[in-house]
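Listed features, source Swiss-Prot:
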REGION    1-79  region 'Probable methylated-DNA--protein-cysteine methyltransferase'
ACT_SITE  Cys56  active site
REGION    80-298  region 'Endonuclease V'
BINDING   Asp137, Asp197  Mg(2+) binding site
SITE      Tyr170  site 'Interaction with target DNA'
Amino acid sequence: MQSIDLYSYLYSLLGQIPEGMVTTYGDLAVALGDVKAARACGYMLSRNNDTENIPCYKVIMSDGSLGGYSLGIDEKIRRLRNDGIEINNGRIDLKRYRFNNFDSSYPLKRLQEEQEKIAGLAVYSDDYNEDKICAIDVSYKDEIGYSVMVSFENNEYDFKTFIKETRFPYIPGYLAYREFPYIKELGKNFDGTMIIDANGLLHPRRCGLATYVGVIMNKPSIGVAKSLLTGSIKNGYVYYNNMPLGYMINSRTIVSPGNRISLESSINFIRNLGKDHYPEILKIAHDRTVALRRNNII
């Protein structure tokens, strides 16, 4: 498992922008390794508290418009003009001022490679415990994650919580690198089937959070997502690249196997829990994370 402080890595890239030049959120995302990270780049820049040493003002939109800045647009304009950059009608000429030749190790590409390797290790034959289950969810306030594991055995619920800072923002396709540290801590001593509020096999690289968790922790796992992020529906099954990777029980309950369970068994498992509705144990986990985030107590 790779662990990356993506905030610090992004901020280090800004130091490469020459004086009198700017870059775009998309250029930074490409330097990280995936253009899908452009929105996350904007978020991470908005969280920068060291505005004197980390020049976030040098990042603009792909159409040359200025975008936002934590110290306000007037201060952004002042700093850009102090660097000798011309601004006309609220835009900068990217042909003249654009820098995108970053020296980068492309960390997100490395994570993609890791996901592909982990996907190859996932097992989709049945080897799971249906009598001992847990659900895990994480809720966030800024960079702090509030996580809860709800386990159910012998008709009794048990709860564990874990609070930790994250240095990896939400980027579609990379949820494992944001949430796995919480799941690892909460579930390290659990020996049943894990139900994860995310996808498993249903993922562009067949390695959603539930698969990542299941393989790394060597546990049976099932992903249950509340929205369809990829694929198309045919007779309830979710197809991606012409392969059935998941199943939509309803518009808010999309199931895919994570590890050590088949697609059909995953569907039956979740249906038995929720009677064609979103599983109650996941609802409890979600409500508890929200309460933990709001109050820091349960």
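Start at 1 and count along the chain as shown; that gives each residue its number.
Cβ from N, Cα, C; glycine included.
Keep in mind it's a predicted model, so treat the numbers as computed, not measured.
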Checklist entry - Can you tell which of the recorded positions (Cys56, Asp137, Tyr170, Asp197) has the fewest other C-beta atoms within 10 angstroms of its C-beta? => result Tyr170
Checklist entry - What counts of helix, strand and coil residues does DSSP assign across the region 'Probable methylated-DNA--protein-cysteine methyltransferase' (1-79)? => result 39 helix, 6 strand, 34 coil
Checklist entry - Roughly where does the region 'Endonuclease V' (80-298) sit in mean pLDDT, to the nearest integer? => result 96
